[in-house]
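Quick look at what TrEMBL annotates:
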type	residues	note
COMPBIAS	912-931	compositional bias 'Basic residues'
DOMAIN	42-108	domain 'P-type ATPase N-terminal'
DOMAIN	705-901	domain 'P-type ATPase C-terminal'
REGION	912-936	region 'Disordered'
TRANSMEM	761-780	transmembrane segment
TRANSMEM	800-818	transmembrane segment
TRANSMEM	830-853	transmembrane segment
TRANSMEM	873-894	transmembrane segment
Amino acid sequence: MLILICHLAASGSGQLLRPGEKKSSAIMLCSKKKSLEVERIVKANDREYNEKYQYTDNRIHTCKYNILTFLPINLFEQFQRVANVYFLFLLILQLIPEISSLTWFTTIVPLVLVVTMTAVKDATDDYFRHKSDNQVNNRQSEVLIDSKLQNEKWMNVKVGDIIKLENNQFVAKQSSFIDVSSVYTDSLEQPMLRETNLKVRHALSVTSGLGADTSRLAKFDGIVVCEAPNNKLDKFTGVLSWKGSEHSLNNEKIILRGCVLRNTSWCFGMVIFAGPDTKLMQNSGKTKFKRTSIDRLMNTLVLWMYYSGKATPAQARTTTLNEELGQIEYVFSDKTGTLTENIMTFKKCSINGRIYGEVHDVLGQKTDMTKKKEAVGFSVNPEADRTFQFFDHHLMESIKMGDPKVHEFLRLLALCHTVMSEENSAGELIYQVQSPDEGALVTAAKNLGFIFKSRTPETITIEELGTLVTYQLLAFLDFNNFRKRMSVIVRNPEGQIKLYSKGADTILFERLHPSNEDLLTLTSDHLSEFAGEGLRTLAIAYRDLDDKYFKEWHKMLEDANAAVDKRDERIAGLYEEIERDLMLLGATAVEDKLQEGVIETITSLSLANIKIWVLTGDKQETAINIGYACNMLTDDMNDVFIIAGNTAVEVREELRKAKENLFGQNRSFSNGHVVFEKKQPLELDSVVEETVTGDYALIINGHSLTVYDQWFITLFNIVYTSLPVLAMGIFDQDVNDQNSMDCPQLYKPGQLNLLFNKHKFFICVAHGIYTSLALFFIPYGAFYNVAGEDGQHIADYQSFAVTMATSLVIVVSVQIALDTSYWTIINHVFVWGSIATYFSILFTMHSNGLFGIFPRQFPFVGNARHSLTQKCIWLVILLTTVASVMPVVAFRFLKVDLFPTLSDQIRQWQKAQKKARPLRSRKPQTRRSSSRRSGYAFAHQEGYGELITSGKNMRAKNPPPTSGLEKTLYNSTSWIENLCKKTTDTVSSFSQDKTVKL
């Protein structure tokens with residue numbers, strides 16, 4: 001965090017944008033352990049003084065491991081999974097020959113393989129975190145060292161350093177301004193999310209002149225005593241002591257880490273908090289061990305079967321949360337940049353009871369097909385914004401005809417705002433806006449011929465249809481959340497005093513003159529139509545003021561400003577007094593453009609029974625308007641409750657009241673689906689196979705032997721059956737992606753854990769027990785006292801083991817094939833390739849060559865070849881496979897036929913439609929019907945009126961003339977006349993085309 005010392009503003013103003021670097025919530029603070037900090041004491045330009053407090057440097061750590069800690073920490077985390085602990089415990093038992101019939105490598109091979117693969121994944125994740133940390137820590141920053149500005153890496157910046165920031169530059173640490181009288185600090189913006197609302201920041205007047213000379217800055221030795229590091233973004237308290245005086249510091253004097261400086265050439269700041277002590281990093285939180293619901297359930301099931309140890313939550317990165325994607329119940333979303341693009345566009349307006357901005361087809365019907373309609377051309381306007389598009393030519397015709405109401409409407413948009421203007425190096429007019437709403441309105445007025453050019457604390461200069469006009473700014477009635485409106489009082493060159501006001505229709509309509517009743521009704525209908533289309537609306541009105549009345553009112557305003565008691569109440573009362581008997585001009589409609597597909601996505605999520613929370617810093621009206629625009633709120637919702645408590649107790653009480661109001665009403669919630677539901681069958685099939693591989697033991701001469709040989713047990717899970725399960729989990733689709741999107745109710749099984757739960761698990765256990773019995777007793781009964789085709793007895797141990805192992809591999813592969821709904825070449829290769837791999841390894845282990853190399857490990861030479869050439873063996877394998885699989889097939893057939901799920905029904909429909917490919921229908925964009933609610937929304941902040949009238953945010957320059965009409969800018973025909981002529985031709989052409997077509 002920086003304390004602002006000084007700055008030079010390009011146009012006298014500056015801005016900051018909210019933190020754009022989004023860091024992981026896993027923050028590891030590697031600082032020395034010290035006592036709890038109560039307050040912070042920092043001395044400027046004195047590292048030796050500040051080092052005694054052991055403040056952290058500016059280095060950040062979001063990584064979890066280093067080379068020395070990776071192995072112990074990663075193993076510790078992995079063995080918090082009960083399954084890993086179970087296999088480790090089993091391995092220890094197998095090291096004791098007296099109690100185990102299996103050798104230790106049958107367990108250690110799969111355990112090491114699983115642990116190694118997980119460790120590689122975790123190491124890869126952490127490598128990218130290290131890479132991101134290094135990129136941030138090695139950014140360059142200008143630091144004042146030894147009376148000179150030197151480039152220094154971010155990580156080397158220390159508390160107390162004086163640093164220089166330039167326009168569009170990230171703030172690397174939390175600082176206090178030193179130089180500049182004021183800046184716009186933009187609302188700590190997230191540039192990637194396009195949040196561009198500006199916030200004002202000021203430097204202390206005692207330091208505002210230091211930036212012109214670095215030698216003076218180097219001698220600055222002020223001491224700041226302030227609050228300890230905390231995560232409160234909206235609050236800061238501190239005191240700067242310098243030259244025997246103390247100066248109060250608050251939130252308006254600091255810049256937070258992660259901000260971007262805007263509209264300011266440069267500024268100097270003093271570092272107060274660095275690295276993990278900054279408010280941004282304080283809000284990032286600490287590392288938390290997370291576990292998926294599948295993990296927790298598996299821990300419970302493993303404990304129930306094998307082990308009664310203590311389950312401890314383990315670390316899990318996002319790569320291990322895949323199965324949770326099918327079980328989401330709540331979605332928390334940011335608004336700006338996620339739901340909306342934060343690009344405001346002037347779409348429509350209502351002026352004197354007529355709507356401008358609607359597009360009609362050849363039959364005169366309103367349409368949204370603007371792509372087929374020629375936009376109004378603004379190429380003859382040298383100041384026009386090339387990105388601005390407007391499709392209603394009738395507005396330009398009204399401007400040309402000199403409609404006084406239209407002119408007054410656009411004049412108001414060009415005068416009543418807090419926008420700052422400047423010219424870039426190319427001479428182009430650039431607007432610096434506090435809110436994108438104002439930017440859209442002022443830009444629209446500019447393109448339509450009323451161009452805001454410049455302002456001083458006493459004047460506003462605009463260009464009206466090619467002619468410069470300067471208005472005297474008499475008063476600025478600032479916006480706030482209670483007033484929900486802003487007004488300016490100006491004197492035009494003719495000496496008339498006018499009040500121009502814009503704000504919420506619900507507020508301005510109460511202050512209209514009674515003569516506006518008919519226009520009010522018509523404009524209200526237009527506003528309802530705009531709100532129904534999800535547009536952000538403002539009402540526009542004006543009032544002619546008598547000179548004598550204004551002087552008396554202004555004198556009272558000056559007295560109120562100088563008052564000590566009830567100053568704000570008196571000022572508010574005077575604002576109320578003068579903002580009455582207004583004459584309605586109309587309303588504006590601005591679109592806060594939604595991201596592509598937002599409406600359809602939210603509709604699908606709602607049908608999927610997913611509760612959506614949108615987090616926004618907007619005012620209540622703006623938030624509600626966006627809610628309607630993106631279909632989170634609809635006109636069908638009769639009960640929309642506003643919970644506005646400031647404490648947990650208040651919120652709980654308001655929720656209780658809302659619940660009481662809803663009592664007795666029948667409310668149902670639909671369910672949904674996404675394309676990730678197949679992650680759970682991956683886990684389920686793994687459990688099935690683990691259960692199927694239960695060992696049977698034979699007692700021979702008092703010694704215990706397993707039916708399966710040790711190599712088969714070792715390779716079964718990691719070679720013979722792992723890849724088919726993996727392929728199924730990745731590629732399988734129970735229904736195709738389009739049907740998944742068209743039927744969000746498919747998501748319900750995941751939310752309700754219907755695909756994998758304890759009930760399903762016990763069914764798998766029962767299935768495994770049945771399969772194990774079939775695999776053992778069918779070959780046992782078939783081989784009992786039976787001779788092979790060569791007349792020799794075939795009921796030997798190894799032949800029995802080969803028959804059972806072969807049957808098991810085939811049964812599991814057939815089971816996977818039955819479970820697979822969507823076959824790819826990879827599925828075929830993995831399933832049938834696993835069977836081929838099994839036979840290849842089997843014949844190799846029973847070969848003469850391997851016996852010659854390892855006679856003790858592979859003693860059964862030729863057994864596989866001898867056994868599998870017997871027809872009776874294959875008959876037993878076939879019988880075992882059928883007996884194991886048929887009950888599953890029968891059960892599924894009856895279930896699908898008698899109790900089909902939604903997925904079953906859609907699969908049947910897909911099969912029926914497979915030959916005749918249906919036309920793919922597109923969902924029409926949902927448009928809400930017109931409603932009688934207000935669409936008011938205005939992303940504006942209080943305080944800019946006072947800033948403008950004080951002149952603190954303006955560069956000193958030659959003031960323009962304060963009265964009289966200026967001479968026409970262009971000697972030839974004005975651009976507006978050319979534009980109107982072009983518009984007239986376009987309208988005439990359109991009318992002729994329309995007549996011909998009719």
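Keep in mind that glycine also has a Cβ here, set from the backbone N, Cα and C atoms.
Most Cβ pairs under 8 Å with the transmembrane segment (873-894) belong to 800-818, among the candidate stretches 761-780, 800-818, 830-853.
When Cβ-Cβ distances below 8 Å are used as the criterion, the transmembrane segment (800-818) is approached by residues 685, 688-689, 692-693, 707-709, 712, 716, 720-721, 724-725, 728, 771, 775-776, 779-780, 783, 831-832, 834-835, 838, 842, 863-864, 867-868, 873, 876-877, 880-881, 884-885, 888-889, 892 of the same chain, each at least six residues removed from its ends.
Computed over the domain 'P-type ATPase N-terminal' (42-108), the whole-number mean pLDDT of the model equals 86. Counting residue by residue with DSSP, the domain 'P-type ATPase N-terminal' (42-108) contains 34 helix, 2 strand, 31 coil.
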